[in-house]
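A short write-up of the structure that comes next.
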Amino acid sequence: MNLLPISTPLGMIEPLLIVCGVGFAILLLDLVLPHSKKHWTGTIALAGVAWAFVRAVGQWGLEQRGYADMVVLDDLATLFNLLFLASTFVTILLSEPFLRSETVEQTEYYALLLFCTAGMMLLASALDLITLFLGIEVLSISLYVLAGYRRGSDASNEAAMKYFLLGAFASAILLYGIALTYGATATTNLSKIAEALTTAEAAFPAGLLLAGMAMILIGFAFKVALVPFHMWTPDVYEGAPTPITAFMSAGPKAAAFAAFLRTFFVAFGPIHGDWNMLLSVIAALTMTVGNVAAIAQTNVKRMLAYSSIAHSGYVLIGLVAGGNAGGTGAIFYLLAYTAMNLGAFAVVILLEHRGVGGDELRDYAGLGFRYPLIGATLSLFMISLSGIPPTVGFVGKLYLFGAAVQTGHIPLAVIGVLNSAVSVFYYLRLLVLMYMREPGEVLPPIRVPAAIGAALLATSVATLGVGIFPGGWMEAARQGVRALFS
Amino acid sequence: MTLTILGVPILTFLTFFPTVGALLILLLPSSKPRTVRVTAFLVSLFTFAASIPLFTLFDSTQRGMQFTEQSAWVPDLGITYHMGLDGISMLLILLTTLLTAVSILASFSAITTRVKAYMVTFLLLETGMIGVFVSLDLFLFYIFWEVMLIPMYLLIGVWGGPRRVYAAVKFILYTVAGSLVMLVGILKLYVAHHATTGVYTFDLLQLYDTALDPGTQLWLFGAFALAFAIKVPMFPFHTWLPDAHVEAPTAGSVILAGVLLKMGVYGFLRFAVPLFPEAAMTYTPWIIGLALIGIIYGALVAMVQRDVKKLVAYSSVSHLGFVMLGLFVWNVQGLSGGILQSINHGLSTGALFLAVGILYERRHTREIADFGGLSETLPWFAALFMIVCLSSIGLPGLNGFIGEFLVLLGAFRAWPLVSAIAAVGVILAAVYLLWMYQRVMFGPITHEKNRGLPDLTKREFWTLAPVILLIIWIGVYPNPFLRRLDVSVSELLGRVRTHTLSLKAPPASPSMAVPASAEGAK
């Protein structure tokens with residue numbers, strides 16, 4: 001059914017409205033549903049996300065601006081919306097066992113997840129620093145609560161507190177940066193900032209603008225966990241409920257990158273030379289710190305947290321390279337990373353849930369032969385994360401490093417591949433543990449819940465399938481970038 | 001010419017049939033290891049049989065690639081599914097299919113745990129290996145090149161000896177580090193090709209014609225050569241090899257020595273040299289120097305080993321030095337000798353590892369001091385083991401002689417002194433192998449356990465027999481093999497020469513004046 005014509009302002013943000021609406025509906029339903037029926041809200045949330053996804057698919061190829069040019073609908077926004085909705089869908093699938101085993105409220109959990117998704121979607125469609133800030137805040141505040149959702153656990157509380165305090169600082173800095181940029185260019189609209197920077201070269205106060213840009217950069221750097229603003233990541237990833245950790249490393253990270261991409265390619269595109277060098281140093285640092293620190297971890301969630309930092313560094317290579325190739329590389333990598341990382345977390349959640357050990361690496365000893373299918377799936381994700389073909393992780397890295405080489409950033413590409421070599425060590429350590437060590441205790445048989453099974457199937461098909469036939473995703477990523485330069 | 005098997009073009013069939021077999025084995029119950037073993041063997045045997053037409057139908061007069069297949073894969077990036085072979089890769093593919101079948105047969109009694117997973121891993125490894133040799137697209141090649149690492153890593157790490165995890169991790173880190181540097185090189189080449197022609201392509205045959213300035217060539221050759229030198233392995237990148245060889249199960253060692261090391265050699269021949277001929281010439285003295293060090297150093301270290309398997313592992317370093325020497329003297333004798341020698345090494349060293357495995361299964365030790373006098377109890381084994389050792393030493397009438405002779409001849413024509421130094425390696429090989437043979441097989445029986453050991457079983461005999469047959473065939477009548485290399489070798493030399501004629505003083509000038517048809521050794 002077509003409730004809202006695409007040309008109307010509301011039709012333009014239809015998927016966003018659906019997600020918000022379902023979120024509110026769930027909150028209201030909570031009042032009337034008896035306790036035994038509360039798990040229905042999960043199904044409703046799934047249906048809502050699926051509906052929004054279908055509507056977002058319908059928006060592919062459409063371009064429109066609205067709300068006084070504060071919101072834009074283009075292929076970049078649509079592509080990211082699809083990514084967010086897909087990752088939220090998978091997260092809901094992964095959350096069901098967690099919510100059932102821990103005695104926590106289900107309804108608010110799903111509602112918060114949906115609001116967070118709405119924030120991400122707004123972020124990807126923001127054409128104005130104000131909407132952008134609005135998106136970031138909606139996203140972040142939902143996440144602060146979700147990170148502390150295991151109320152009984154100290155670690156979870158610590159994660160939420162840390163994330164909230166540091167996140168609030170980062171938001172404040174970002175906001176200050178927006179204010180300074182407004183002071184320098186007299187506008188908060190991304191395209192108009194670019195115009196101001198190209199036409200009135202000498203007219204704006206350079207110091208003010210650069211300070212503003214640097215602060216905006218810091219804000220983004222915090223959200224996507226770039227060195228040296230990454231300190232919160234390991235603690236928050238470790239303490240948060242595992243489905244939320246999985247979610248944070250996928251959707252919100254991609255959302256922050258989407259805004260990062262749009263802000264720096266569109267608004268600050270004209271002064272490319274001023275931020276390029278800085279970003280390439282940050283990229284090199286982020287990859288190196290993330291990978292080297294990951295080696296030393298003994299906890300799977302902390303290891304994946306550092307690995308997520310390292311992967312932010314890889315994506316940043318795309319931003320440094322810039323242009324069509326760099327943008328496409330960054331977007332493709334985000335798609336790839338979401339698929340393979342959600343998959344890896346799905347396995348962690350499954351094992352956690354089934355009481356086969358916990359989050360410690362040593363708990364994985366001997367799993368591979370005891371549970372052949374689970375072992376093979378986790379191996380696939382690890383191989384993909386380390387960038388070995390024929391997986392989507394390899395194609396993504398190939399594209400990113402290719403963009404770097406093409407634009408003459410060969411040292412950065414070399415640092416990138418050396419980092420990949422380092423990362424092979426810790427990713428494949430899971431294979432060592434699973435296949436080359438004996439289990440510490442007798443491992444009980446595992447029955448895979450249908451929801452997690454579906455999530456695993458989807459992510460592994462994407463990881464392997466797109467690894468072998470990357471054409472479709474690549475074309476989508478390319479289309480998305482084209483929207484930036486039109 | 002398109003040859004198909006069951007409607008599938010032959011190279012695609014050969015590459016992926018082992019994978020299909022592996023999937024089939026996954027469906028078998030793991031409670032019946034015998035069924036699994038036999039199925040895996042039949043799959044590998046059939047793959048070998050299917051690869052024989054490549055040898056018989058190969059047109060040794062035709063230039064360029066044969067049995068080619070090409071179809072679009074990722075057109076946006078200029079990636080094609082392009083396969084084909086010339087004389088060099090054809091021989092290496094046959095070596096691969098043969099050694100895989102032999103290795104699987106040799107694993108029947110050696111591998112008793114997780115048989116199903118082992119066989120699946122082994123067949124996937126075969127897909128990777130064949131894929132490397134048939135790919136004519138750098139993207140496709142790189143995928144197979146890396147994909148192959150994981151099964152090898154598992155073979156060493158799961159079914160290996162006591163220090164297997166260390167060896168497996170060392171193996172994969174060394175090779176991955178090298179490959180990734182090559183990846184940057186590939187990307188640079190890809191971008192450079194676009195810069196001059198306006199076309200994005202990973203197709204090797206198109207990339208051959210990329211015009212590169214000498215400085216870029218030096219860097220790119222370096223990036224490719226590093227990956228291949230680690231794989232060969234050339235001194236000083238060889239330190240992963242003894243660990244990997246010693247810890248790997250017998251069949252893993254056979255494949256490692258027989259095929260994986262050859263990929264390094266093949267990489268130089270197919271990629272590094274023809275893509276960057278000028279740079280290859282510039283690096284020649286360095287590579288020759290490292291090859292000589294490898295020959296002497298490998299032999300000396302082999303001599304003092306107490307463990308038979310380690311001895312064989314270090315002998316590989318020495319023998320691969322010969323191969324690299326042959327490649328980089330830039331004349332027909334050296335080049336065909338080097339290629340033939342790399343096939344020979346696959347056969348001889350593969351057989352040596354099989355023999356060591358046979359000993360190990362009987363005594364569960366590889367210390368030379370634990371043996372002695374075995375020729376009395378194992379007469380059949382003693383005879384076959386002798387032939388294998390002599391082949392590795394390079395006794396006339398066996399394959400090793402032909403290869404080493406050609407390499408030394410080629411080296412002599414370029415630099416007599418180099419040839420003289422390399423010849424010392426041949427003498428040292430006789431020393432360490434015969435000395436080892438003497439201590440293991442002859443003399444009085446000093447350990448009670450060595451009495452009454454059973455001689456070769458039928459299955460063990462059949463693992464060694466085909467390899468020994470080839471050892472003798474190549475030794476007596478190498479012409480069918482050399483003839484199939486002729487065109488590929490002269491084409492490669494032609495490329496190197498035309499590209500370096502413009503240089504003022506090519507380092508290897510003595511060989512330059514000799515026409516490609518001068519083939520004194522045959």
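Any Cβ shown, glycine's included, is placed from N, Cα and C.
Quick look at what TrEMBL annotates:
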- B:6-28: transmembrane segment (TRANSMEM)
- B:40-58: transmembrane segment (TRANSMEM)
- B:87-108: transmembrane segment (TRANSMEM)
- B:115-133: transmembrane segment (TRANSMEM)
- B:135-424: domain 'NADH:quinone oxidoreductase/Mrp antiporter transmembrane' (DOMAIN)
- B:139-159: transmembrane segment (TRANSMEM)
- B:171-191: transmembrane segment (TRANSMEM)
- B:285-304: transmembrane segment (TRANSMEM)
- B:311-330: transmembrane segment (TRANSMEM)
- B:342-360: transmembrane segment (TRANSMEM)
- B:380-402: transmembrane segment (TRANSMEM)
- B:414-435: transmembrane segment (TRANSMEM)
- B:461-478: transmembrane segment (TRANSMEM)
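Within the same chain, the transmembrane segment (B:115-133) packs against the transmembrane segment (B:40-58): three or more Cβ pairs sit under 8 Å, each pair at least 6 residues apart. Scored on C-beta pairs under 8 angstroms, the neighbour of the transmembrane segment (B:380-402) with the top count among B:40-58, B:171-191, B:414-435 is B:414-435. Residues 73-74, 77, 79-83, 111, 113-114, 117-118, 121-122, 124-125, 127-129, 131-132, 165, 167-169, 171-172, 175-176, 179, 182-183, 186, 202, 204, 244, 247-249, 251-252, 255-256, 260, 263, 271 of the same chain lie 6 or more positions beyond the ends of the transmembrane segment (B:139-159) yet place their CB under 8 Å from a CB of it. A Cβ distance under 8 Å defines the sequence-distant neighbours of the transmembrane segment (B:87-108), meaning residues of its chain 6+ beyond its ends; these are 14, 18, 37, 40-41, 44-45, 47-48, 50-52, 54-55, 58, 60, 66, 118-119, 122-123, 125-126, 129-130, 133-134, 249-252, 254-255, 258-259, 262, 266, 269-270, 339, 342-343, 346-347, 350, 354, 357, 459-460, 462-463, 466-467, 470, 481, 484-489.
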